[in-house]
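Structure, as structure tokens:
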Amino acid sequence: MTFKASILTLYPDMFPGPLGASLAGRALERGDWELEARQIRDHATDRHRSVDDTPAGGGAGMVLRADVLARAIDATSPPEDPRPRLLMSPRGRPLTQSLVRDIGAGPGVVIVCGRFEGVDERVITGRGLTEVSIGDYILSGGEIAAMVLLDAVVRLIPGVMGNAESGALESFETGLLEHPHYTRPRSFEGQDIPPILASGDHARIDAWRREEAERLTRERRPDLWQAHTRTQPPADGPGKAENR
Ligand code: SAH
């Protein structure tokens with residue numbers, strides 16, 4: 001079964017955009033996943049093909065109409081469609097690697113991209129849209145947010161990334177930020193690659209990487225560190241670093 005993403009947007013020309021390049025793009029060409037971008041405006045019925053209107057109760061901006069959007073959703077995703085229906089929204093559940101994994105394990109996804117002030121609340125409830133946010137800032141539309149979500153999901157599809165293992169140890173998969181990387185040249189502007197990485201001792205290298213990941217997480221993301229230590233008490237207690 002191929003993972004299929006359907007995007008509802010006022011700017012279908014934005015797709016595949018960056019998703020058409022590199023790993024995701026080659027996988028799309030191979031048919032490892034499918035993408036369709038549908039024009040919400042095709043479901044407008046009035047003479048001006050309008051999709052938005054002024055907010056009830058007054059105030060600035062415009063709101064995407066519930067009726068137009070509901071028709072667009074129904075034409076794309078009938079009630080028996082097993083795919084989750086998402087609405088990109090700054091009010092949504094934060095996008096995390098675990099949500100990315102959940103979505104990637106399913107048959108695909110339907111993503112509504114908001115514009116203006118957002119969408120009429122009744123279509124969110126009426127069509128069972130799950131709101132997902134990519135961070136605490138406001139974009140001008142949901143398209144780039146949808147691309148962020150899809151980029152993260154698509155790279156997990158089997159065969160999309162060259163090396164399956166390189167997915168497993170990355171930042172967040174372990175609850176920790178990733179350790180630092182080095183490659184040639186051995187010496188760069190007076191800085192050498194940490195000698196342990198050239199030792200050939202894989203147990204020590206693994207331990208070093210683990211300590212670096214823990215150090216970076218403690219320093220930069222106390223929130224992640226706290227969650228990590230709550231779920232996983234230190235593997236072999238304090239003093240691990242000194243024992244090597
Ligand atoms: N008035 C809204 C923001 C609307 S921004 C508010 O204050 O919450 C217009 C559209 O951009 C939204 O409908 C949503 O689809 C998208 N968008 C903006 N910021 C986003 C974010 N952080 N994550 C996901 N989608 C976002």
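Cβ coordinates come from backbone N, Cα and C, glycine included.
According to DSSP, Tyr137 (S-adenosyl-L-methionine binding site) is assigned to coil rather than to any helix or strand. Contacts of Tyr137 (S-adenosyl-L-methionine binding site) defined by a Cβ separation under 8 A and a same-chain sequence distance of 6+ are given as Pro90, in order along the sequence. The S-adenosyl-L-methionine binding site annotation in TrEMBL covers Gly114, Ile134, Gly135, Asp136, Tyr137, Ile138, Leu139.
What TrEMBL lists as domain 'tRNA methyltransferase TRMD/TRM10-type' is 4-226.
TrEMBL lists 216-244 with the feature region 'Disordered'.
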Other CB atoms within 10 A, centred on Gly135 (S-adenosyl-L-methionine binding site): 11
Binding-site residues whose CB lies under 6 angstroms from ligand 1, from Gly114, Asp136, Leu139: Gly114, Leu139
Largest tally of Cβ atoms lying within 10 Å of a Cβ, found at which of the binding-site residues Ile134, Ile138: Ile134
